Amino acid sequence: MTSKKLVNSVAGCADDALAGLVACNPNLQLLQGHRVALRSDLDSLKGRVALLSGGGSGHEPAHAGFIGKGMLTGVIAGAVFTSPAVGSILAAIRAVAQAGTVGTLLIVKNYTGDRLNFGLAREQARAEGISVEMVVIGDDSAFTVLKKAGRRGLCGTVLIHKVAGALAEAGVGLEEITKRVNVVAKAMGTLGVSLSSCSVPGSKPTFELSADEVELGLGIHGEAGVRRIKMATADEIVKLMLDHMTDTTNASHVPVQPGSSVVMMVNNLGGLSFLELGIIADAAVRSLEGRGVKIARALVGTFMSALEMPGISLTLLLVDEPLLKLIDAETTAVAWPNVAAVSITGRKRNRVAPAEPQEALDSTAVGGSASKRMALVLERVCSTLLGLEEHLNALDRAAGDGDCGTTHSRAARAIREWLKEGPPPASPAQLLSKLSVLLLEKMGGSSGALYGLFLTAAAQPLKVKTSLPAWSAAMDAGLEAMQKYGKAAPGDRTMLDSLWAAGQELQAWKSPGADLLQVLTKAVKSAEAAAEATKNMEAGAGRASYISSARLEQPDPGAVAAAAILRAILEVLQS
């Protein structure tokens with residue numbers, strides 16, 4: 001079965017992609033009749049060296065994303081994973097020559113088709129009297145024994161674009177740029193790893209991997225790598241990659257040693273999430289610095305992809321200060337990241353968090369017995385929520401992501417761990433404030449935020465008094481905060497329904513002579529009835545409101561949990 005792609009046609013996808021980039025970038029122009037993109041200010045390059053690169057499409061943002069002042073002059077794109085036509089390469093060379101440039105450098109990745117087509121265009125251009133040189137970049141560190149074809153050109157080519165572009169912008173001549181670029185290319189290596197293959201539009205995936213396999217050392221055209229390894233953690237995979245890249249017995253290794261200074265590129269091969277990319281970047285920084293390697297610059301993002309391949313490549317370039325200046329030089333290329341000209345290694349990465357404000361002693365604290373009673377209440381609440389975990393998850397699967405029980409259990413475990421540290425505050429205001437902070441940090445999700453809001457607001461009236469009217473006012477304040485920020489209202493099929501029903505009953509506490517347990521018992525029963533009634537409500541807030549069916553057959557898990565918490569509190573107070 002062929003893969004699904006958002007294209008107009010398989011045959012025209014490369015043309016459409018390049019046209020889209022040019023349409024959205026005023027600094028680029030298409031060369032009529034060719035799949036070529038050029039700087040729109042070619043005339044400003046008179047007297048300078050032009051830089052042309054390219055290759056098959058499907059590697060976006062390479063190569064056209066790196067056209068701009070300080071990088072490439074133009075790019076010649078082939079069809080997906082196919083070398084560009086000789087005629088288009090020659091047309092691009094002629095176009096930059098006619099603009100008055102003093103020579104052209106072709107930067108070519110080491111693939112047979114690219115070498116042949118760019119090489120033939122170069123020879124034809126030289127026959128016409130145009131000064132053209134060509135560098136072939138091979139930065140692949142996968143093969144331990146070099147083959148006749150040499151190392152493949154991978155993401156490190158983008159660094160060559162940057163170095164050559166900075167030299168050209170500074171007015172350096174063609175011969176000198178060619179010489180210096182060839183030296184830089186020898187101090188660089190790249191290795192890729194992928195969780196699965198990619199698929200060319202209109203075709204099936206290029207290779208298959210088992211669920212527990214990872215492909216190591218693959219290229220950027222969907223071709224298989226040097227070996228398959230078992231799925232492992234990000235730290236383990238990064239370590240394996242760096243071990244392979246720097247192993248001196250590997251003929252294509254990068255000569256990185258303790259004390260070396262490098263530019264590191266973490267390149268998304270197209271389909272990896274930004275979350276995973278960040279994890280890989282962190283692992284690479286820790287692993288390299290653990291080997292005594294100084295990371296002078298870190299570039300993390302998508303630079304040279306392989307369509308939608310879910311994988312990454314790591315590139316290491318040995319640098320000194322003069323080379324770093326070229327890496328740091330200004331460019332207008334849209335795909336080059338805005339990297340600070342500051343070393344990664346040695347930088348302070350953490351700021352000390354502000355200290356918690358000192359709490360004043362609360363005159364309403366009534367001593368050890370109150371603290372013990374609060375501990376019993378909390379323990380009953382925790383055991384209740386832990387016992388409901390699977391039931392709440394089952395209810396949540398109907399309208400959410402099935403983790404309501406897990407979220408509440410996480411809160412219960414956090415409270416239990418907190419209680420092990422010592423008795424809870426005897427002051428109700430301090431207790432609710434502490435619980436608010438704990439749940440905001442440990443519970444997670446919207447439930448953690450809502451409980452945190454509720455408890456923070458509810459604590460305020462209890463700072464002055466802890467009478468029954470004050471507790472009723474605390475309930476009112478908590479409900480008001482939940483509605484203000486959560487945007488839910490009674491009847492929206494949320495946890496608020498249970499709490500609101502209980503809050504209405506607790507208004508009776510504001511009357512002189514009100515009985516604590518009698519009123520609380522009514523409040524709990526009202527909360528339980530409201531929770532049960534949510535199964536007949538149309539969801540008006542929360543994730544359930546996005547479900548297409550207007551009504552859900554089971555009660556809201558958040559409302560059930562809130563009612564259960566109130567029941568647990570009542571049972572302890574009754575005992």
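In case you wondered, yes, glycine gets a Cβ from its N, Cα and C as well.
Remember, TrEMBL labels are computer predictions, not curated facts.
Feature annotation from TrEMBL assigns domain 'DhaK' to 9-336.
Close to H59 (substrate binding site) in the fold, though at least 6 residues off in sequence, lie I220, M304, S305, A306, each with a CB less than 8 Å from its CB. Annotation source TrEMBL lists substrate binding site at G56, S57, G58, H59, K109, D114.
Note: H221 (active site, tele-hemiaminal-histidine intermediate) has non-local neighbours G56, G58, F81, Y111, T206, A306, i.e. same-chain residues 6+ apart with C-beta under 8 A of its own C-beta. The annotation active site, tele-hemiaminal-histidine intermediate is assigned in TrEMBL to H221.
The domain 'DhaL' feature in TrEMBL is assigned to 372-571. The average per-residue pLDDT of the prediction over the domain 'DhaL' (372-571) is 90, rounded to a whole number.
Cβ packing within 10 Å was compared across the binding-site residues G56, G58, and the lowest neighbour count falls to G56. Other than the site residues G56, S57, G58, H59, K109, D114, same-chain residues with C-beta atoms no more than 8 angstroms from the centre of those residues' C-beta atoms, the substrate site, are G54, G55, A62, H63, A77, G78, V80, F81, T82, S83, I220, H221. Cβ environment of D114 (substrate binding site): G54, G55, S83, V108, G153 lie under 8 Å away, each six or more residues apart in the same chain.
Here the binding-site residues are S57, K109, and the one whose Cβ sees the fewest other Cβ atoms within 10 Å is S57.
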